[in-house]
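Participant: Let me give you the structure first, and then I'll get to my questions.
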Amino acid sequence: MSVPLKTKISFDFSVFWCCCVFPLSLHSFLFFFFFQLLGTMNTTPIIDPLQGDFPEVIEEYLQHGCMKCISFNRRGTLLAAGCNDGSCVIWDFETRGIAKELRDNEYSSPITSICWSKCGNRILASAADKSLSLWDVVSGNRITRIVLQQTPLQVRLHPGSSPSLCLACPLSCAPIIVDLNTGSTTLLKVSVSEISNGPTPASRNKCFDGTTSFTPTAACFSKYGKLVYLGNSKGEILVIDHKDGEVRAMVPISGGSLVKNIVFSRNGQYLLTNSNDRVIRIYENLLPLKDEVRALDDLNERLSDLSGVEKLKGVGSKCLTLFREFQDAITKVHWKVPCFSGDGEWVVGGSASKGEHKIYVWDRAGHLVKILEGPKEALIDLAWHPVRPIVVSVSLNGIVYIWAKDYTESWSAFAPDFKELEENEEYVEREDEFDLNPDTEKVKGSDANEDEEVDILAVEKDPAFSDSDMSQEELCFLPATPIRDVAEQQEDKLIESSSKIVDSNNSGSPLSVEAGPNGHTSNNASSPVEDGAVGTRIKRKRKPSEKVLDLQDEKAKKPSKSSKASKSKSKSLIDQDNNGNGFHSDEISD
């Protein structure tokens, strides 16, 4: 990102002294001042720093039930959303249509968190009924369901290609490692005092042992899942080896406030924390990404002269170093959900204030570049697209808003020889410009081999992903099945019910047909369609075309034979009434 140039104007004191000693006119003074100004100014063009690759406006919104949490798959082609009715909706992010809906009618608790596996063929969702559900995306079937002792607020699958472990952060106890195959759980340590020498005091974050906790704890996997980074209520970042549950390092946070969120950038180089002191901090990861466990062992050997907490702090200083701090110095706003951009160059933070939907965008240097203001609804979740400059946010009302960059139309991109004109210009055409076979040079054919087969099924490797080659086939797209509108489904049901009613009325039941005077029959049990009951509007009222209107006018002008016969019949009935045969005009009119 380019930083705006700060122009410095330095007025030479010699010019001022000369003007005082030798009286000059006002024009001469301005002349000297102008050239002095030009000499001190840098002629480099100033670049607008706000024209970055980040979202600016709401491009579209998605609505399906009441959505509470969202998560992109690894490629950003699918967006999963957990709903308030216990279902999970998968959106095709390219077409913005629903590709799959994962639902179990037996359980309808609200979804609290949702995440994808690395290959994209599994989705893990946590619900308010203390359950974890693992779904198969292609078939839509649930693989397993595990019930915990606390409500999980956040879940993360192991970043391996075939995840069988997940990290769950419950509401009021320490984070746990859950084996989805066996259902076994491992409680992680949340305080350095638990491993120090001497009596161990009861931790506020413990659970399963009768103690009560009041503060949740945030945790996340490292890039390759070998370590767990945990932020506790004492303002500390603990580095834990999840295989043996041992704390390998500790990094104290300035201020010692509760850590509400902790997340790694996609490349694993930076760690973001959101503390209760309204400050977002970024730490640079100093450990090698693939050999971080071995690097921790080497640091422990080097610092063998230390022990206990001092040793953990010494190792932690070699693991993470504070890189940048972000906060709103004016309003001191709390942050709901902060996250990195896909490339790690931008940091966004969703405001936790009630009644406002604000998203703050900073560059990695710490400058606030944009404040996105949405509708008057609170923000509850936020996610940045893995590749594109798109931010997706969820409001308290369950609507998903898609923020994108406000692109300027460039018509010159449609053709290489297209030229945009600022104003009208007179154009003189050539003599052969509009001929059928103009004498111009033939367009050179492409060098591509037309006989070569083109593979339209394989997905090309994206250079933005460092580990694109995977041992297991990755799921990038789902066949989207069109879903009919609710109004059309209700109309079809009304058509079926009305047809059944008409068939039953025309079936000749003895209750519906009674003999009238002079042998005439009358249908006393009229159908709901005739009585104007509920469901009489079977089809939508559509505006007739011009052809239909013309035909209706012709029919109105030319009365049909049936109408003539009915008129003659009514005339004969009136004559019979005049002769005293017992018919009345009121009956005929009715």
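A Cβ is built for glycine as well, from the same backbone N, Cα and C atoms used for every other residue.
Taken from TrEMBL, the feature transmembrane segment covers 12-35. If you look up TrEMBL, you'll see 67-101, 104-145 marked as repeat 'WD'. TrEMBL lists 490-590 with the feature region 'Disordered'. Annotated compositional bias 'Polar residues' per TrEMBL: 496-510, 573-582, in sequence order. Sequence annotations record features per position, and here TrEMBL assigns compositional bias 'Basic and acidic residues' to 545-557. As annotated by TrEMBL, compositional bias 'Basic residues' applies to 558-570.
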Participant: Going along the chain, which residues at least six beyond the ends of the repeat 'WD' (67-101) come within the CB cut-off of under 8 Å?
Facilitator: 60, 107-116, 118-120, 123, 125, 127, 135, 137, 140, 342, 380-381, 383, 385-388, 392, 394, 398-400, 462, 465, 474-483
Participant: Residue list, the repeat 'WD' (104-145) vs rest of chain: Cβ under 8 Å, 6 or more residues beyond ends.
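Facilitator: Tertiary neighbours of the repeat 'WD' (104-145) are 68-75, 78, 80-88, 90, 151-157, 159-163, 166, 168, 178, 180-181, 183, 470, 472-476, 478.
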Participant: How do the residues of the repeat 'WD' (104-145) split into helix, strand and coil according to DSSP?
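Facilitator: Tallied per class, the repeat 'WD' (104-145) gives 0 helix, 22 strand, 20 coil.
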Participant: Mean pLDDT over the repeat 'WD' (104-145): what is the value?
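Facilitator: Mean pLDDT, the repeat 'WD' (104-145): 95.
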Participant: Can you tell me how the residues of the repeat 'WD' (67-101) break down into helix, strand and coil by DSSP?
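Facilitator: Here the numbers are 0 helix, 22 strand, 13 coil.
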